Amino acid sequence: MESPSLPMTAKDWTTTSLHRVFAMQGGEDDLSYVNNSDSQALAITLSKPILISSLQSIKLFSDQTPIKITDLGCATGSNTFTTVDTVVETLQRRYTARCGGGGSPEFEAFFCDLPSNDFNMLFKLLAEKQKVDSPAKYFAGGVAGSFYDRLFPRGTIHVAVSLSALHWLSQIPEKVLEKESRTWNKGKTWIEGAKKEVVEAYAEQSDKDLDDFMSCRKEEMVKGGVLFVLMAGRPSGSSSQFGDQDTRAKHPFTTTMEQAWQDLIEEGLIDEETRDGFNIPAYMRSPEEVTAGIDRCGGFKIGKMDFLKIVEYSDEKQEEWKKDPVSYGRARTNLVQAAIRPMVDAYLGPDLSHELFKRYENRVSTNQEFLHITCFYGVVVFSAIRV
């Protein structure tokens, strides 16, 4: 069968075009990020003490201007609201303790993400939440743009958070898109198990992106402000993107994803070059890489840095899946679609994208081994004070 004309090619993955199509799956159906972000919610819950501790340790801002908070890479759903609530409530308690009931300033929260994010859904959910909270805890606004660029005037942000977002790169490394080079990622759609040159190209892009992120925050934040970041990461000393073999085998971006792409090739729906031109723009940094990036930037003092392991599913849920592998396959496919479906749609087109994820679901549903091994998602979390 002749390969169809595709909407995008490997060379289209410039910063501009990736920003145009990259977003978590919008809406609130079974594929949406809203309904497939439990692991991120658990990571936020486990790291919450680090955020609260950093907010309790800083000197309170003394002027009467509103306290400005931003969530960088907010996506959609309750995770962003939960974290902003934590910031507001923690600081309100401190101001009340110091000044009494009328001593707390007003708060503004800016929800930031790429223009392709589903801001309509985000603010629909926020409006529903604020009806329950009435009166609202803060004034809210949306900012469409990349957190690898400046988003706010100099010295205006008091608290900046970024949750499960900074492992997404600003672009596919240009070297990886050069077909005749050693860095062409042949046979792969990500870097786990890829050639050393491919991994190094991703690491270089990761360092550049982290430098850009930190430099922008350095300009935007007030002295004494808090930067709190949680991102997918890997353990210290691990050359792999993961810390254990089971996670390496079971992670949504690895074995099953590669098999699903290979199925399309073997069925004549796409050719190998089409598969090789698609690369997932994610890199799991180690704590050492994150620390080095903060140090290169200067202007921040690290308060706390930690690596956490987030279990994919509880033991009880795992036992449920063993009895119903078809539902497990569907749930796992929904999870990966929530993260990368918009990007795959843009690359393959909706029809071929649908075929890819059908094969992904079938692979997961029929892999009995997956039901008996545990996958952990690693996260690096840190708090830092603007100095």
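Heads up, the Cβ atoms here are built off N, Cα and C, so glycines get one too.
According to Swiss-Prot, R275, D276, F278, N279 bind Mg(2+); the candidate from N117, N120, N185 that the record adds to this site is N185. Of all the binding-site residues listed (D113, D276), D276 has the fewest other CB atoms within 10 A of its CB.
The binding-site residues Q40, F278, N279 include none with a CA atom within 10 A of the CA of D113 (S-adenosyl-L-homocysteine binding site).
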